[in-house]
Amino acid sequence: KSSKREWKPLEDHSCTDVPWLLLFILFCVGMGFICGFSIATGAAARLLSGYDSYGNICGQKNVKVEGIVNSGLDLTHKKYVFFLDPCNIDLVHQKIKSLALCVSACPRKELKNLADIQKFAETNGSTLCSYELQPSEYTTDPAAAKLCPKYPVPESAPIPFFHRCAPVNISCYAKFAEALITFVSDSSVLHRLISGVMTSKEIIMGLCLLSLVLSMILMVIIRYISRVLVWILTVLVILGSLGGTGVLWWLYAKERISASAVETQIAKDNLQALLIYAIAATVFTVILFLIMLIMRKRVALTIALFHVAGKVFIHLPLLVFQPFWTFFVLILFWTYWITVLLFLGTTGSPVPNEEGFVEFRMVGPLKYMWWYHVVGLIWISEFILACQQMTVAGAVVTYYFTREKRNLPFTPILASINRLVCYHLGTVAKGSFIITLVKIPRMILMYIHTQLKGKENACARCMLKACICCLWCLEKCLTYLNQNAYTATAINSTNFCTSAKDAFVILVENALRVAAINTVGDFMLFLGKVLIVCSTGLAGIMLLNYQRDYTSWVLPLIIVCLFAFLVAHCFLSIYEMVVDVLFLCFAIDTKYNDGSPGREFYMDKVLMEFVENSRKSMKEAGRGGGAEGRELKPM
């Protein structure tokens, strides 16, 4: 007994993993150095103002580059970058392969020949041909065909903030788009899909808003009527899956009859899409019914757990908005990261390439800043997500281990954030770094697998996929363990390794309970996501069905369903996190307290009844036996 450390929930607060916090701060300073270096070397000016193929930055005076003609020009009055052939796209390097010049104005109308280009230069003072060619020589000099833009010159307009002339009609980028979307072999298919999205954009926006409203309604249902939620969800999912499958087969039969009378490509596409959707819905419905049949005896076990989690949301309503704040912070960081990445793309010394033009390249150790920047993306993103997990864990721990709920802090979320910032940022930095160490090798292997696709033999391909799969499984296990380690840190203010060990021991001792509660609880939350997606998809089918004669609605429906799933996942993931934290708190409570004077339970009465019912149910099924009995101490 002397070797066991007593848990003292919320009694002591101390700083944890301070060296890791210092290491993380030093790493962030390095990220700031990369940003400052790229700005100091002129990358920001080259990115925002643009530069021509000779290394001149548009809109300012420039310094001569040795060995490069037309460099070092005064381009103060030429503020826009113009590409002579904007549709000449290098699909390998994904960039415009064209001579770039600085001009004073973008052509606002189509120029069909050299005479129009000459007239535009004389009228607007914007020379669209190479610097050494005067406007009066556009129609007389034989070299004008190479030094002037390829005509007809499309109508273009400057991109806001970036001073690049971009064609107003982006049809010339169709090849680039089709190269990215590899599953489209016929360009007409791509055009029909894009036209379907543009025609149905109002419906798509309305359905996305509907998914958001449904997710909010579902959270309200979980909060107030948790006892009947499980059965409501079960019945609604059964009816929704059957109804959705039936509607799809009905629409397929109806469309097949109408398509036989009108032979159009759009009708054929819609008929084929309906058949695929109907078959997929049928398979999904059968699998869903089999799973629910297997788990029907355990569905009732989640009712009490959902009820306690609903109480948490009643006392801590700000928990619902945690995904929004996390997403907002991630968007800010990703915007910063992409901006610095663009700076790095124009950072370096001017170097002549094989075509005689200028490229900016970093030499020496500075070229490895890319890798540092990529590691920063993964580590800091994981750090932000881990801060959300620690904040939620701290708030739920405060709720659970406060005996009198009237004595809760005014804002437990802000109190949890305060404890995180004052004491536990080092723990979060260490946990997120461990996830980063697993993510980087997996991403490298995925990149190698992509580059060697079709070249490696079957054995090498199998080994690569096996390694990627193992690393993915390891990442998921570590993520789950990290979340429980953050909960242990929030309870007892211990460092990451100690908290992870304690949480792992608790989870192993309650392995049967973990399997029973987490599996059924996660499945019911998954049913909630399915309900939102099915409801949004069914509404989309009914609305888009009125446009089937002139619109291909395959892509709009996919977009709507994906957005509905992401919205539902964001909301219900917080609920899932609360359930996991409550379970670990409960397991610690039952291990170190027995209900006797001085060792009273912290748990809610409903949660204790839930575990008692769970033990009885597992004994009847012959699965828990003595192991489950040993998990619970007598009250």
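Along the chain as shown, residues are numbered 1 onward.
For all residues, glycine too, the Cβ spot is worked out from N, Cα and C.
What TrEMBL says about this one:
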type     : residues : note
TRANSMEM : 20-45    : transmembrane segment
TRANSMEM : 203-222  : transmembrane segment
TRANSMEM : 228-253  : transmembrane segment
TRANSMEM : 274-294  : transmembrane segment
TRANSMEM : 300-320  : transmembrane segment
TRANSMEM : 327-348  : transmembrane segment
TRANSMEM : 368-401  : transmembrane segment
TRANSMEM : 523-544  : transmembrane segment
TRANSMEM : 550-572  : transmembrane segment
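Beyond its flanks by at least six residues, the transmembrane segment (523-544) meets 200, 203, 206-207, 210-211, 214-215, 218, 222, 230, 233-234, 236-237, 240-241, 243-244, 247-248, 251, 288, 291, 295, 299, 302, 306, 551, 553, 556-557, 560-561, 564-565, 567-569, 572, 575-576 of its own chain at Cβ-Cβ distances under 8 Å.
Most Cβ pairs within less than 8 Å of the transmembrane segment (20-45), among stretches 203-222, 274-294, 327-348, belong to 327-348. Most Cβ pairs under 8 Å to the transmembrane segment (203-222), among the stretches 228-253, 274-294, 327-348, 368-401, belong to 228-253. Comparison of 274-294, 327-348, 368-401 by number of C-beta pairs under 8 angstroms to the transmembrane segment (228-253) places 274-294 first. Counting residues 6+ beyond its ends, the transmembrane segment (327-348) has Cβ neighbours under 8 Å at 31, 34-35, 37-39, 41-44, 46-47, 51, 360-363, 366, 369-370, 373, 376-377, 380-381, 384-385, 570 in the same chain.
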